[in-house]
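Chemist: Please see the structure below; I have some questions.
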Amino acid sequence: MWTLALWAFSFLCKFSLAVLPTKPENISCVFYFDRNLTCTWRPEKETNDTSYIVTLTYSYGKSNYSDNATEASYSFPRSCAMPPDICSVEVQAQNGDGKVKSDITYWHLISIAKTEPPIILSVNPICNRMFQIQWKPREKTRGFPLVCMLRFRTVNSSHWTEVNFENCKQVCNLTGLQAFTEYVLALRFRFNDSRYWSKWSKEETRVTMEEVPHVLDLWRILEPADMNGDRKVRLLWKKARGAPVLEKTFGYHIQYFAENSTNLTEINNITTQQYELLLMSQAHSVSVTSFNSLGKSQEAILRIPDVHEKTFQYIKSMKAYIAEPLLVVNWQSSIPAVDTWIVEWLPEAAMSKFPALSWESVSQVTNWTIEQDKLKPFTCYNISVYPVLGHRVGEPYSIQAYAKEGTPLKGPETRVENIGLRTATITWKEIPKSARNGFINNYTVFYQAEGGKELSKTVNSHALQCDLESLTRRTSYTVWVMASTRAGGTNGVRINFKTLSISVFEIVLLTSLVGGGLLLLSIKTVTFGLRKPNRLTPLCCPDVPNPAESSLATWLGDGFKKSNMKETGNSGDTEDVVLKPCPVPADLIDKLVVNFENFLEVVLTEEAGKGQASILGGEANEYVTSPSRPDGPPGKSFKEPSVLTEVASEDSHSTCSRMADEAYSELARQPSSSCQSPGLSPPREDQAQNPYLKNSVTTREFLVHENIPEHSKGEV
C-alpha cells in the first residue's frame, strides 16, 4: 500500500516538473530560385536541449521529405522545390519531456521566389536625353514574367529617382534626362507574382549627349542715377536651375537698345558671367545668350525700367522659417499670372550689393529653399523677392532671416530710473545687431532683494523698459536683464539700486502741513496784534532806556539834560568828532582823573543799589579823593596813563566832551599851585562799566600838557 503511494507520488512529481518544448510558430519560407527553399520559425533559441523534425510535402501533396534540425532554420534541397509547385511545411519540436507540433503552412513557390542581382551589360546614350540599358538575370527564369526597377541620379546628387518597367524585357530605355549630364544607374527585378525583389545590380556611370546651351537666368543690379539721369547697370547671369552640370559654354553675347530707339548695341565674346553697362535714363531692353560648338542658346531678356518709372507690387506677404536642414521662404502673390520670381539674399552687414549679393530664379512656385550650410550661421540676411511678369520686374518684398541662431554675445546695458518707495523703472539699450546672433524674442528682467527670493518679469522684444512694482521700501535690490533668442538667452551686467525711504509726495505733504501751520500761526499772531496792540507791541518792540533819564543824568544835573538836548539838535557826523589836546593848567590832569573816578563810582553804586536815591559826590567841579584811588606817597608826581577816546555814538561822545570842558573850566579858575598836589594812583581798569557808556569810552588816555614844569616831568 505504502509502496504504491510512493510510486504514484514520484510519478506525479515527475509529471509536474516536466517542461515541454515551445510550439514552433511564425514559419516563414523563401524560395531562392534555382537553389533551395529555406524556412525559419520561432522561437529561435530554446532554454533546454530541443531538436526539430521538419516535414515538406511537395508535388502538390504527392511527395514528402523529412529531416532533423538542431536550429530554428532549415533549407530544403533544390530537387524538392520546383516552381510553380505548392508545398506545405510542418515543424515538430521535441526534448526529453515530450513533443510539440506546429501548424501546417502552405507556400506557392513562385510567390516567394527571390533571384540574384541582375547583370547590366551596357548603358548607351541615345539622342540627347536618353539611355538604353541592356541587362540579363543570373538565373534561367524559364519564361516567367518579370518586373524591373531602374534607379538613377546625377553624380553630384544623393537623391535617387526610381522607375518601374512592367513586363520587363532585357532592354530598357530611360528617358527624360538632361543633356550632357553624368548619371549613375542601378537595376533590380522580381517575378511578377513574387513579393521579393532581387538586390541592386552593380552601379554604372554614363554621360548623356551634348546639345546647345540652355537659356540663362538673367538679373541686374541698378546703381543710383547721376544728375543727368545716367546710371550704371550691372548684368548678372548664370546657368538656369536644372541645367546640365557638364554643359560646355564658349562665351556670351549681349545686346541692348533703348525702347524709344532702334539703335541696337552688341557686345560679343564675353567670357565672364557679369558685365557693367552705362545706360541713359530711359527704359532699355537687354538680352544675353550663350554659345558652344553645337550652337547658341535662346535669349534671356530683361527690361531695365526708366529712372522715374514706378514699379508694381505683386507680393502681399512673405515669411521665412527653418525646416531642418533648410531655410524656407514662402510668399503670397496678389496676381496668379506671375509665375517667375527672383530671390536675392545678402548679409545685412555687407557694405555693397556686389559681390556679396546672391540670387536665384524661381518658377511655377511661391516658395524658395536653401540649405542652411550654404549660409553663414549667426548672420542676419536680407532676403528680397522680385516678381517678374514677362520681361518686367516688379517691386520687391524684403524680410530678414537667420539660417542658424545662437545666444547673444552679450546682454543688454541696464539702467534704473524713477526710483520710488515701491516702484522702479528698468531701462536698457538694444544689443547691436552684430552681437545678437539671432532675432531677440523677448527680454526677461530679473530682480532680487537683498537676502530675498529672485523674481522675474518678461516683456516682448520691442520693449526697452520695464516697470517694477510691489517693491519693499528702503531695500537694496539687484537687477539684470536677459535677452533671449530661439537658441537661448544671455544675461546683462548686474546693477544695484535702493528704494526710497520717503517719497516726494510725502515730502510735499509734510512741507505743506508745516508751512500751513506756520501760516495759520502767523495769521493768528497778526490778528491778535490787531485786536490787542498794547500786549504785542512790548514783545516785538521793547522800550529802549533814554540815557538822559539815567542815573548819570541825575548826577550831572539839569545842565547835562540841556546840553544833551542842545547837542541833539546839532547832530553831525560823529566819526569826525575827535578829542583834541589843548593848553591846560598843570593840575588839570589830576582833577580830571578825580572827577572821572567820582563819576564811575556814582554809576556803579547806582547799578548795585538798583534805584537808591543817594547820589555820591558834590558839585561837578569839586576836587575829592576817590575811595578807589588812594593818595600816593608824597614827593612823587602823577603817573601818566593813556586815555583812548573812541567815537561810538553821538550822545555818549558829546556828553563826555562837555564834562571834560566843564572840568577844564573849573580847574582853570584854581591857582596854579594845584598842580603840585600829591600824585594819585591810576584808576582800576577791571571795574565794571555802565552799560550806557560802554560804547562811548572803552579806554582812557591821559594827556600831558606841554607847559608842565620841568620838575614835574622829572618826578614822572
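Placement of Cβ uses the backbone N, Cα and C atoms for every residue, glycine included.
As the structure is a computational prediction, the values presented were derived from the model and not from experiment.
According to Swiss-Prot, the protein has these features:
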type	residues	note
TOPO_DOM	19-499	topological domain 'Extracellular'
DOMAIN	23-115	domain 'Fibronectin type-III 1'
CARBOHYD	N36	N-linked glycosylation site
CARBOHYD	N48	N-linked glycosylation site
CARBOHYD	N64	N-linked glycosylation site
DOMAIN	117-211	domain 'Fibronectin type-III 2'
DOMAIN	213-304	domain 'Fibronectin type-III 3'
DOMAIN	305-403	domain 'Fibronectin type-III 4'
CARBOHYD	N382	N-linked glycosylation site
DOMAIN	408-502	domain 'Fibronectin type-III 5'
TRANSMEM	500-520	transmembrane segment
TOPO_DOM	521-716	topological domain 'Cytoplasmic'
REGION	622-641	region 'Disordered'
REGION	648-696	region 'Disordered'
COMPBIAS	670-679	compositional bias 'Polar residues'
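Tell me about the setting of these features in this model.
Modeler: For N36 (N-linked glycosylation site), other Cβ atoms within 10 Å of its Cβ number 17.
Applying an 8 A CB threshold to same-chain residues 6+ apart, the list for N64 (N-linked glycosylation site) reads T55, L56, T57.
Summarised as a single figure, the pLDDT of the domain 'Fibronectin type-III 3' (213-304) averages 91.
Shown in sequence order, E344, W345, L346, P347, E348, S398, I399, Q400 are the residues of the chain, 6+ apart in sequence, with a C-beta less than 8 angstroms from the C-beta of N382 (N-linked glycosylation site). DSSP assigns N382 (N-linked glycosylation site) to a strand segment in the three-state reduction.
Listed by sequence, the residues of this chain that lie at least six past the ends of the transmembrane segment (500-520) yet keep a Cβ under 8 A from its Cβ atoms are 419-421, 473-474.
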Chemist: Mind checking how the domain 'Fibronectin type-III 3' (213-304) divides into helix, strand and coil residues in DSSP?
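Modeler: Looking at the domain 'Fibronectin type-III 3' (213-304) with DSSP, the answer is 0 helix, 52 strand, 40 coil.
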